[in-house]
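Have a look at the structure below, then the notes.
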Amino acid sequence: MTQADNQNPKPMVLIILDGFGESDETTHNAIKEANTPTLDKLFRHYPHTLLEASGRAVGLPDGQMGNSEVGHLHIGGGRKVPQDLTRIDAAIASGEFYENPALIEALEKAKALNKAVHILGLLSPGGVHSRDNQIAALVELAHRCGIKKIYLHAILDGRDTPPKSALLSIEKITDQFHAYGNGKIASLIGRYYAMDRDKRWDRTEKAYDLLTQGTAQFHAPTAKEGLMLAYEQGNTDEFVSPTSIHRHNETPITIEDGDVVVFMNFRADRARQLTYAFLDDHFTAFNRQVRPKLSAFVTLTAYAKDIHAAVAFPPLELHNTLGEYLSARGYRQLRIAETEKYAHVTYFLNGGQEAPFNGEDRLLIPSPKVATYDLQPEMSAVEMTNKLVEIIQNDDYDLIVCNFANPDMVGHTGDETATREAIQVIDDCLKRIITALQSVGGEALITADHGNAEKMFDEKTNQPHTAHTSNLVPLIYVGREAQFCKEVGALDDVAPTLLYLMGLEKPREMTGRNLITLK
């Protein structure tokens, strides 16, 4: 059937199950272990296929696991988008990184004033928010520029990496500092505090006070000893308490007037809150007892339009994304998600566009205020489904995009039982959504942005698996009689497929392909 013959269903709902990968493994697979009558029925009775969601298929290096930002960019973009990880690694390999104007200008200011350069960043090989080789490249660049005081304030991962795996990265960068003789790791803190994105400002405040005042629950003479101290307290990397690294008779190293700060996270969403604390003149989220007057603050990528900082790698602009294309044709669309994934169905799905397009409404369902989501694995899925069912029945939108955060956010805790419960909640929600859609003649495409919940234990490290995976993800069509092509697709094929089902040609900017044929 061609687009011309295709009757536009209303509404079309794109359901993104965040962190829902496909694996034949049944052991430690929370998806396979869960009781999922709705998903079982969908896979039995409706056309479905599998999609690549990692590596080169989503603009990342070979073997690099996907993530929510990359996944939504490709789902909404309908094309391969070179990712910041790949761009920056390529710049390091070519030498362009060491000539980057924003970095060079900031480092020269520090040198001229004989001030310190403070590097903030997730010290991790994970490649989701940062990569430790890029931090090492900046240390090398600062050394080349003749900076005498280079301080790394290391945020620790344990979420996109095994829970206790920071030591290798710490040892590598410590060896580099020893070789240069002009810097050190000045502090440690878990990403739980320094990289909150859900307005839990008390966590951000702890990170800010550590950086600006040296306020720390723990002190240690070396970063390795600080990490071991955290492990003794029962903390994994993600939850390392603020720890200042200095000898007993020395004062903490802090960010002071005239210093230069470079934030080396390339993913924006979890870097924003801490950046606002430094740069926002009208900041009110907590009381900044100290606010250093910096010579420069550089972000590796652009974090937000209202963050006024030098940017080392400005974003690539995407035109005619799914949202923009539908908006230009007068289609009404809704984006709905809970707090943890709201930016993904709005900003990232729109290719980095902050403001909604004409005809695009947005609905934010607050995520529950709990320390970790294994404590409330249902999160806000039921509340979101209640609203979604009501909206479907009102028949106001041509396209609705929703994201269920549970498989990813609960999967990140490493709690297999809680993740299984999360999957079962999602299954119940899907039943209600599909029932509502079928009552009004609507249709659904169900997919995921990357894997996670299908692997809850790592046999190699003998630790809970808290990171994403490189597994394929499903694509299920709930609607008219149709057949998917036999070849495995990729996330950039979702938008062209969706447009075909809505009776529209894809724009020329979309290089992804339609994967389905209506009978």
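Even glycines carry a Cβ here, placed using N, Cα and C.
If you check Swiss-Prot, you get these features:
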- Asp18, Ser68, Asp449, His450: Mn(2+) 2 binding site (BINDING)
- Ser68: active site, phosphoserine intermediate (ACT_SITE)
- His129, Arg159, Asp160, Arg191, Arg197, Arg267, Ala268, Asp269, Arg270, Lys341: substrate binding site (BINDING)
- Asp408, His412, His468: Mn(2+) 1 binding site (BINDING)
Inset, instruction - Specify the nearest of the binding-site residues Arg197, Arg270, His468 to Asp18 (Mn(2+) 2 binding site), where nearness means the distance between Cα atoms. - result: His468
Legend entry - Ser68, Asp160, Ala268, Asp449 filtered to the binding-site residues whose C-alpha is within 10 Å of His412 (Mn(2+) 1 binding site): Asp160
Inset, instruction - Measuring C-alpha to C-alpha, could you say which of the binding-site residues His129, Asp160, Arg197, Arg270 are within 10 Å of Asp408 (Mn(2+) 1 binding site)? - result: none
Inset, instruction - Can you grab the distance from Asp160 (substrate binding site) over to His468 (Mn(2+) 1 binding site)? Cα atoms, rounded to a whole Å. - result: 6
Inset, instruction - Using Ala268 (substrate binding site) as the reference point, find which of the binding-site residues Ser68, His450, His468 has the shortest Cα-to-Cα distance to it. - result: Ser68
Legend entry - From His129, Arg197, His450, the binding-site residues whose CA lies within 10 Å of that of His468 (Mn(2+) 1 binding site): His450
Inset, instruction - Name the one residue among His129, Arg197, Arg270 whose Cα is closest in three-dimensional space to that of His450 (Mn(2+) 2 binding site); these are the binding-site residues. - result: His129
Inset, instruction - May I have the list of same-chain residues other than Asp408, His412, His468 whose Cβ is within 8 Å of the Cβ centroid of the recorded Mn(2+) 1 site, in sequence order? - result: Asp18, Gly19, Asn67, Ser68, Arg159, Asp160, Pro407, Met409, Gly411, His450, Asn452, Ala453, Thr466, Ala467
